[in-house]
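Chemist: Before we start, here is the structure in question, set down as structure tokens.
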Amino acid sequence: MSFVSGNETKSGMSRGTAEPKLTAADSMIDKLTVAIFIFQIAVVLLLGLAGNIWKDSHGCKLWYLMYPAERPWYDFLVIPLRFELLCSIMIPISIKVTLDLAKGVYAKFIDCDDQMFDPETNTPAHSANTAISEDLGQVEYILSDKTGTLTENRMIFRRCYISGVLYGDKTGDALKDARLLNAVSSKDPDVVKFLMVMALCNTVVPIKSNDGTISYKAQSQDEEALVNAASNLNMLLTSKDSSGIAGEQTKTYLEAVEMYSHLGLRTLCLGCRDLEEDEYKEWSKKFQDASCSLDNREHKIAEVCNSLEQGIHILGITAIEDRLQDGVPETIKLLRKAGINVWMLTGDKQTTAIQIGLLCNLITPESKGQLLSINGKTEDDILQSLERALTIMKTALERKDLAFVLDGWALEIILKRSLESFTKLAMMSRTAICCRMTPLQKAQLVGILKSSGSLTLAIGDGGNDVRMIQEANVGVGISGREGLQAARAADYSIGKFKFLRRLILVHGRYSYNRTAFISQYSFYKSLLICFIQILFSFSSGLSGTSIFNSISLMAYNVFYTSLPVMTIIFDKDISEATVLRYPQILLYSQAGRLLNRSTFAEWFGRSLYHAFVVFLITINAYADEKSDMEELSMVALSGCIWLQAFVVTLDTNSFTCPQITLIWGNFVAFYMINLILSAVPTLQMHTVMWHLCNQPSYWITMAVSLLLLVVYTLL
């Protein structure tokens, strides 16, 4: 039998529609590509105009050039198109392929990182999205779920409050408290009722095995912990057969809830009321009718349930412990040192969330910092507290120890009436604790930060975190006890929160640095050969003649320059240990200082300078009656290969065997290929490379080019 429930499930309703993600680096590359395209069009138009002027003033006087007479289309079409062909390589078509290959390798580095393997769950790190690794190195905000992400999601029954007695307050474990054990053995009525509610009022399903043992399956880890605790106290759940508060809320119950919350424990109030059978049957019929309603079903179900939940007698309070994962406080401390703002989004109550924030180094104690609470009994009170928090944040001399806290209801009011003020507060806050958040509200917070231009990372472990993970620039899922929904929807999945520091500080930073070099180098090598073509045009009557033959132009991008740049994927400017020891280093890549308009301008200037060096040395050394066009072309091409090989070498920070092999192996391959082509009698370049290699002037030309490269680098 198969059953299709549709998308109206807890996980289905929490999941949004995933959209393609574009990294900040890719966005910058696209902008640079547009700028180069505009520059290319301008160059083509200017050179086309200059070519026509030269033709009219000088070219027509030279009979051997054989310019067609009285053909206006030649002026406006042929000469500009020649320059368009010459400048067509100004935009490197191979850049996307090169970057995709590099990003694929980045993803493999993450997948194969043994230091991110979790032996407890036998879970390795996994990269599901290979296109956004460099965004990890530019993350500004981390928005984290709490339960199962910062904590272990292992619910342990620790304390309870029954009839004015605090159990477990001395031992730290109510199940070992002699007073509770004696109350159970003596069948204290209040304790028995309390345990019955723990065992029965839940969604837990008891499963009986062949040997008679009973195990429990529950949707909620809290419910499973309560049922197991009741079982340990001789209130065993074996099966389920079924088809306002009385009196004033006593101060002691509220105090107990507050006390347990300050200890970071998850609290739950248990209560009961006696029902007559006829009353239950009448209510059950109303509940079934509401459940089958096709119009406003949720509201009708809530009304029916509310009618039953009247006159409830409080039995007591449970307190469940959910411990922090190992390494969480150290990881958050390290990430904050790296300049990353960390927010916690949780469905827990405010007091519990604040205590967890203190334990995991998310916020500092009140003696050292200040926690700005945004709350109120009315909408106006909430808006006033928001403005008060914003004023304090603006006037603070140092904001690193300031944080704000708000709940889901306050956020709902703020998003409707004061989104601009909240956005300003969010941009100034390094830390925030958001409580009682729904999956939609988590995603909305991510969207607010993204719309302000910040690069966000969302991390969670459950189905209610999926929408937030999909909304963020980078989504990270933890393969936890709540299943694999978050891990499958995420761009990256890890076994524990502590692995996030290595994912960001090591893999993210290296990926950004490498992408920054590869992308700008790809533009550099294309601009270099294009500028040489343009410079040669001024020596050839602005006719649009190419200095290089078609074989050389094709091989330049495909063979001669594609492999050396790939060596950068193995490059490490500093060691992994140094990055983890001094996380402030991330600020450099976080600010995008390796890939921006300024750095690209430097590469642009470098390509122009190198083009002048190669062209001027080549022209002065070989532009005479003893050299032909093919020799001139090969000397210029050799200069380009030598320069680009040494550019990669000089910009490489660490050398490995694959890097040395690719750089210098490619260098040797250039001469092997051209020596072989020079041996083919039918080609125009026949004997050219053999002849050049036997000339001392050729090697002197290459040496002078490299010398000028070194001088430029030192300056």
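From the backbone N, Cα and C atoms, a Cβ is placed for every residue, glycine too.
Quick paste from TrEMBL:
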- Asp145: active site, 4-aspartylphosphate intermediate (ACT_SITE)
- Asp145, Lys146, Thr147, Glu223, Arg266, Thr346, Gly347, Asp348, Arg436, Lys442, Asn464, Asp465: ATP binding site (BINDING)
- Asp145, Thr147, Asp461, Asp465: Mg(2+) binding site (BINDING)
- 487-711: domain 'P-type ATPase C-terminal' (DOMAIN)
- 32-53: transmembrane segment (TRANSMEM)
- 523-541: transmembrane segment (TRANSMEM)
- 547-570: transmembrane segment (TRANSMEM)
- 603-622: transmembrane segment (TRANSMEM)
- 634-650: transmembrane segment (TRANSMEM)
- 662-684: transmembrane segment (TRANSMEM)
- 696-714: transmembrane segment (TRANSMEM)
Chemist: Taking the Cβ of each of the binding-site residues and counting other Cβ atoms inside 10 Å, which one has the highest number: Arg266, Arg436?
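Modeler: In terms of Cβ crowding, the pick is Arg266.
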Chemist: Is any of the binding-site residues Thr147, Arg266, Gly347, Arg436 within 10 Å of Asp465 (Mg(2+) binding site) (Cα-Cα), and if so, which, in sequence order?
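Modeler: Taking Thr147, Arg266, Gly347, Arg436 one by one, none has a Cα falling within 10 Å of Asp465 (Mg(2+) binding site).
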Chemist: Work out how many Å separate Asn464 (ATP binding site) and Asp145 (active site, 4-aspartylphosphate intermediate) at their Cα atoms, rounded off.
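Modeler: With distance taken Cα to Cα, Asp145 (active site, 4-aspartylphosphate intermediate) is 9 Å from Asn464 (ATP binding site).
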Chemist: Near Gly347 (ATP binding site), how many other Cβ atoms are within 10 Å of its Cβ?
Modeler: 19
Chemist: Considering only Cβ pairs under 8 Å, which range in 523-541, 547-570, 603-622 makes the most contacts with the transmembrane segment (32-53)?
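Modeler: By Cβ pairs under 8 Å, 523-541 leads among 523-541, 547-570, 603-622.
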Chemist: Would you mind listing, in sequence order, the residues at least six apart from Asp145 (active site, 4-aspartylphosphate intermediate) in the same chain with a Cβ closer than 8 Å to its Cβ?
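Modeler: Non-local contacts for Asp145 (active site, 4-aspartylphosphate intermediate): Met344, Leu345, Thr346, Lys442, Ile459, Gly460, Asp461, Gly462, Asn464, Asp465, Met468.
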Chemist: Give me the non-local Cβ neighbours of Thr147 (ATP binding site): same chain, 6+ apart in sequence, Cβ-Cβ under 8 Å, ordered along the sequence.
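Modeler: The list for Thr147 (ATP binding site) reads Asn153, Gln221, Asp322, Thr346, Gly347, Asp348, Asp461, Gly462, given in order along the sequence.
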Chemist: With contact taken as 3 or more Cβ pairs under 8 angstroms (pairs 6 or more apart in sequence), are the transmembrane segment (662-684) and the transmembrane segment (523-541) in contact?
Modeler: no
Chemist: So what's near the transmembrane segment (523-541) in sequence-distant terms, Cβ-Cβ under 8 Å and 6+ beyond its ends?
Modeler: 32, 36, 43, 47, 51, 54-55, 58-59, 65, 83, 86-87, 89-92, 95, 547-548, 553, 556-557, 561, 565, 600, 603-604, 606-608, 610-612, 614-615, 619, 623, 636, 640, 643-644, 647
Chemist: Which three-state DSSP class does Arg266 (ATP binding site) fall into?
Modeler: strand
